[in-house]
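**Student:** The structure that follows is given in the form of structure tokens.
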Amino acid sequence: MATASGGGGEFVDKFPDEAAIIKASFLIAFVSLGIGAFFGLVQALHRTNVLRVIDSADYYTMLTGHGVLLAIVFTIFFLCGVFHWAVARSLDRPAESALFSWAWVGLMTTGAVLATIAILGGFVPNLGMSADVLFTFYAPLQAHPIFYIGLAMFIVGTWLSGADWFLSYRAWRKDHPDERIPLQTFMVLTTMIMWYISTLGVAVSVVFFLIPWSLGLIESVNPLLTRTLFWYFGHPIVYFWLMPAYLLWYTVLPKLAGGRLFSDPLARVVFLLFLLLSTPVGIHHQYLDPGIAEGFKFIAMTNTMFLLLPSLLTAFTVVASVEHGARQRGGEGYLRWLGALPWRDPAFTGMALAGAMFAAGGFSGMINAGMNINYLIHNTLWVPGHFHLTVGTAVALTMMAGSYWLVPQVTGTKLYSRPIGLLQVIMWFVGMVFMSNAMHRAGLAGIPRRTAEPQYQNFEFLTPIGSIFELRVQIALGGTLLFLSVVLFLFNILLTSLGEESDRPVDSYLPEPLSGPEGSPRILDNLAMWTGIAAVLVVLAYTLPLAGIIQNGGGLFGGGLPVPATVSAGFDLVMTTVTSAFNTLWGVVA
Amino acid sequence: MEIHAYEKLWLALALVLIVGFIGTITYGAAGAGIDMIDDKGGTVDPATLDQHPKFGDPGIERNGENSYDVYVVARQFVFEPGTTEPLRVPAGSTVTFHVTAADVIHGFEVVGTNANTMAIPGQVAEFTVEFGEPGEYGMLCNEYCGSGHHVMEGKIVVMEQEEFDSWYDQQQAQGEAEN
């Protein structure tokens, strides 16, 4: 797996500059987690009518904050920390320039702060600044320009972070011309290539359309076009959240279980499948959109179904690796080995529970992906029920559990309390069981997502089993448990970072996989080729739908307005920048 | 590349599951004829919706024996018709909906059914629904559309045929008198 690990001192001693970057990223991630989780608590109590401290109109300001702070700021800052750790660790070398690393941390932080200010401005009506547009910011709903500008800066920051890791890889490759790419670095690089391809959509939408439009430079936008560009990015971002969790499941969880990864080559295959299939599926979020032909929806559906494959393969490999660990620890029998696992370790238990819940989330996702059955649950509470299992548990709980093992490596201090950590991960699991099952069932009763009120004037919601009242109680109870779990987590991490330095804060050694990369074809490591195939698939899936939307839906700017000269000049500038950045990246990869 | 025997089996089962899913959906679309929202509804200029021959005065129109077209405009925070006046349809009829949005993106959901579509400015969503027994359905906006999103709702009343006919004739007469 890695060239070297654990042998020569702790991460923080070996890579002090990298540890500082990782600590800064984690700090911003955890502050966002705290604020976002608090908003979540207020929403869960408000929309179930249990406790109302805000106006229903302010609910949407909070919901925007909840979505952006948790799904963008928390997840992405945390994964930047994990990736920075994984690259330095597995290449066994520091980043090329600490200054460059601080540059992307600084740019992402500035962007996140600007977007957050715009969102929180919604609570102060006299300010004239708001961004009550939710996580999806569908035009023609309009936010203050600094929301879009902050978002653009944040995305450019993530591009630079990826460049940082590619530069490390290039320098490593010079010294190791014939070696296989270490697995963790391979995972980081493939994930970042997927991210470069997919963020092009949102960058075009924000830079060419939404920023000029919010500044009044152009009169209107084509709502279906900006929405389609959002989802071009909006589904791959799901895998951008998930890949750091997979990285931890593949490379850390087996070790925590007492064993080692089952198969290195299959882990590579899985990450390549995500690179290829993550982007040409975004239209499955638009099954109910007019203006997109059924054939394009069908293509997106087929690709989506094949995207189940890497996750099903992961289920096998991760369970097999954990079982191997249990047997190393003396576990026996068909299922009795489960008892031999280290259930008192919050890092292990948290990740294992997150994985179990991801299986449930995967099944509800198959319903979402089913082009026709989707009509029953589209935009109902079922959908947030689903993604609180995936990003809200598989990702968030893995990140919190992983922190119990990772944070001590970058602070050099021992975890403050294992029992509190264990209580915290179990509380998250139980809270999510309540909240998510109730949301799924409420969705089947037709209760919509993204709404502040529990009931309507003209009709009542009916549920075949249980009652609507019971569903509301479960959502409120689950939301409360989840918030308390975050409080415990932040408290535990804070006290950990304030603790005394230890020579050996955590057992950070990662063993080699059972089957190493030697037996696998070298073509798996040909990143340039896989990038090319991924780009072709995207072109195939998106060219015709986008052309149709622009041609039939009133042109690039909705009203069929001519392109203003300033915008067209900006268009050229950005196109040149993007193309040259892409060429540089290509050069590094090849 | 060495792949463990159990892993091969798992891979095969995973592929069977995936192909099975695609198969059932294909059957649903081609065999059972479940219709998707697509681009057949065409487009419309949201800026001049008021002058549109159909969306300018949205509502129900008879287009054949037991067969109707319904035009619905979604705008912050009402359905026209649906919110101030219920949307009336006769029992046992086939109704083709044409739904568009005047300002921002909305959702159109008939609660507890799979009649569900996005309403996007500039685009017309077209889908056909069979109405059975007389009764009432709720409808709501299921896409966030602004600070009053949660009050955007309406009602569909499925009426007895004779009752509907007399209401419909009265509407037509009123419309002609106004013109």
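Placed from the backbone N, Cα and C atoms, the Cβ positions cover glycine too.
TrEMBL entries are annotated by machine, without manual review.
Not my notes, these are from TrEMBL:
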- A:26-498: domain 'Cytochrome oxidase subunit I profile' (DOMAIN)
- A:24-45: transmembrane segment (TRANSMEM)
- A:65-87: transmembrane segment (TRANSMEM)
- A:99-125: transmembrane segment (TRANSMEM)
- A:188-211: transmembrane segment (TRANSMEM)
- A:231-253: transmembrane segment (TRANSMEM)
- A:265-285: transmembrane segment (TRANSMEM)
- A:305-326: transmembrane segment (TRANSMEM)
- A:347-367: transmembrane segment (TRANSMEM)
- A:419-439: transmembrane segment (TRANSMEM)
- A:475-495: transmembrane segment (TRANSMEM)
- A:527-550: transmembrane segment (TRANSMEM)
- A:570-589: transmembrane segment (TRANSMEM)
**Student:** For the transmembrane segment (A:305-326), which stretch among A:65-87, A:265-285, A:347-367, A:419-439 has the most Cβ pairs under 8 A?
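**Tutor:** The stretch with the most contacts is A:265-285.
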**Student:** Mind looking up the mean pLDDT for the domain 'Cytochrome oxidase subunit I profile' (A:26-498) in the predicted model?
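**Tutor:** 95, rounded to a whole number.
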**Student:** With Cβ-Cβ distances below 8 Å as the criterion, list the same-chain residues six or more beyond the ends of the transmembrane segment (A:527-550) that contact it, or say none.
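**Tutor:** Residues 189-190, 193-194, 197, 222, 224-225, 228, 232, 272, 275-277, 279-281, 283, 291-293, 296, 299-300, 303, 556, 586, 589-590 contact the transmembrane segment (A:527-550) from elsewhere in the chain.
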